[in-house]
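TrEMBL has this to say about the protein:
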type: DOMAIN; residues: 2-65; note: domain 'TRAM'
type: BINDING; residues: Q277, Y306, E330, D381; note: S-adenosyl-L-methionine binding site
type: ACT_SITE; residues: C408; note: active site, nucleophile
Amino acid sequence: MTTTPGTDVPLLELSIGSPAHGGHFVARHEGRVVFVRHALPGERVLARVTDGGGDAGFWRADTVRVLEPSEHRAAHPWQAAGALLAAAAGRAPRGGAEFGHIGLEEQRRIKAAVFSEQLRRLARVERAVEVEPAEQEHDGGLGWRTRAGFAVDAAGRLAMHAHRSEELVPVQQMPLAVDAVNELRLWELDLAGVARVEVAAPANGTVPLVLLIPEAGTPPRRLARVAAALAPEGERPVSVAVWEPDQARLTRLRGRTWVQESCGAHQYRVTGEGFWQIHRQAPEILTGAVLDGVRPEPGWHVADLYAGAGLFTAPLAAAVGEGGRVLSVEGAAGTSRDARKNLHGAPQVDIVQGKVDRVLRSQFPGRRGGSGARLDAVVLDPPRAGAGRTVVHQLHALRPQVIGYVSCDPASFARDLGWFLSLGWELDSLRVFDLYPHTHHMESFASLRPPAG
Ligand SMILES: C[S@@+](CC[C@H](N)C(=O)[O-])C[C@H]1O[C@@H](n2cnc3c(N)ncnc32)[C@H](O)[C@@H]1O
């Protein structure tokens with residue numbers, strides 16, 4: 001083992017093995033597992049240890065030089081996020097494109113292998129999966145992010161965190177973002193007094209929203225100056241608002257405090273930091289997967305859990321018609337208010353704000369937190385942590401004909417699936433989508449059928 005020049009950080013020469021969940025690849029050094037980033041299976045690399053010590057069970061390391069490259073290694077489409085260039089320049093790469101060194105098809109093969117491995121380990125399911133690309137791939141997996149979050153460095157410049165680090169590095173163009181994000185040229189602003197900037201630029205071309213999250217004590221006139229510089233009179237319209245998460249306070253500076261999203265025939269208002277799918281094509285792709293997998297019929301009673309601003313609630317309501325019911329449950333107060341506005345014309349929809357387990361308990365009282373009330377189908381789309389054991393047991397007790405599970409994390413999905421299977425449920429259809437090209441993330445949809453009888 002050598003060390004990084006000028007430091008005592010260990011530098012390892014490693015043979016890279018299979019991919020692991022989280023964007024790492026597995027290697028071994030003197031019997032110890034090392035999770036290596038920015039590498040590819042079959043490669044021989046020099047990697048700098050970023051995390052680990054003598055008694056650590058495993059280490060983490062970042063590739064700094066490739067000694068024997070894989071045939072799937074590609075030029076990173078975002079220079080600032082490329083690990084090798086960054087290492088050669090003695091700086092850390094920007095986060096957010098940790099698979100950019102891999103050809104797009106190989107990225108999907110790796111994601112499929114990771115998904116299958118999670119199914120095998122956590123749900124005891126042997127199933128080969130294929131990761132489906134989003135439709136528009138002629139753009140090399142770029143220009144898809146309609147949401148982007150930035151930090152601000154000590155000099156008031158737009159910045160991002162280095163990969164898995166607190167270190168801030170200034171940024172300019174973000175190639176993964178849609179043009180409307182880059183056209184704001186946020187990197188030209190003096191952002192002193194601002195801690196974070198969040199941008200939402202709807203794929204339908206409507207007015208983008210920039211949220212300024214201030215540092216404590218920043219005077220309002222400083223933020224007003226940023227807003228004025230961001231949207232000079234007469235130029236392309238942009239909304240600007242101040243978001244103070246501690247007080248849950250959203251203050252309009254210009255334009256409006258929300259964006260107008262759309263999917264199919266449905267319109268959605270999404271306020272402030274409210275959730276909306278990030279990839280420009282994700283709303284259509286996921287809505288299609290949900291409707292194909294659940295096949296809601298007129299008159300059905302359906303629950304849309306973790307419903308956000310109602311992306312799936314609206315098409316489910318259209319499918320069940322006024323003779324059916326849709327219970328739409330969202331935890332965040334502002335997003336739930338959006339859902340209420342978005343669905344106000346659908347009398348068959350009940351919008352309920354609250355945590356899913358509590359709402360299920362109150363809406364379907366009965367032993368073991370469920371049963372007694374009719375529910376034909378459930379759609380759930382939990383955050384990265386998954387639904388968890390309590391909700392799985394509640395849904396089991398409600399015994400719908402079908403459950404449609406949308407997930408952005410293969411590990412928590414496989415864990416929840418394992419619990420459903422142990423209760424007698426069957427995994428019916430399963431689709432995995434590459435809605436986060438050049439990152440290790442993926443999105444999936446699964447339909448589950450209840451135990452016979
Ligand atoms: C992955 S998003 C899905 C939103 C929506 N289905 C969509 O596609 O636009 C998950 C949503 O669940 C909400 N959420 C997180 N934990 C929750 C909980 N325990 N109960 C209810 N909602 C929750 C979040 O606020 C977020 O809006």
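Heads up, residue numbers simply count up from 1 along the chain you see.
Heads up, the Cβ atoms here are built off N, Cα and C, so glycines get one too.
No curator has checked TrEMBL annotations; they are predicted automatically.
Source: prediction; values computed, not measured.
Here the features listed in TrEMBL are painted onto the structure.
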| residue | record | Cβ contacts under 8 Å, 6 or more apart |
| --- | --- | --- |
| Q277 | S-adenosyl-L-methionine binding site | P283, L286, L311, L435 |
| Y306 | S-adenosyl-L-methionine binding site | V329, E330, G331, V356, L380, D381, P382, P383, A387 |
| C408 | active site, nucleophile | P383, R384, H441, M442, E443 |
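When the domain 'TRAM' (2-65) is classified with DSSP, helix, strand and coil residues number 0 helix, 38 strand, 26 coil. Per-site Cβ counts within 10 Å over the binding-site residues E330, D381 peak at E330. In the three-state DSSP scheme, Y306 (S-adenosyl-L-methionine binding site) falls into the coil class. Secondary structure from DSSP puts C408 (active site, nucleophile) in coil. Apart from Q277, Y306, E330, D381, the residues listed for S-adenosyl-L-methionine, the same chain places the Cβ atoms of F275, A307, G308, L311, F312, P382, P383, V406 within 8 Å of the centroid of those Cβ atoms. Residues Q277, Y306, E330, D381 are the ones the record ties to S-adenosyl-L-methionine, and the longest Cα gap between any two of them is 15 Å. Summarising model confidence by region, the domain 'TRAM' (2-65) averages a pLDDT of 88.
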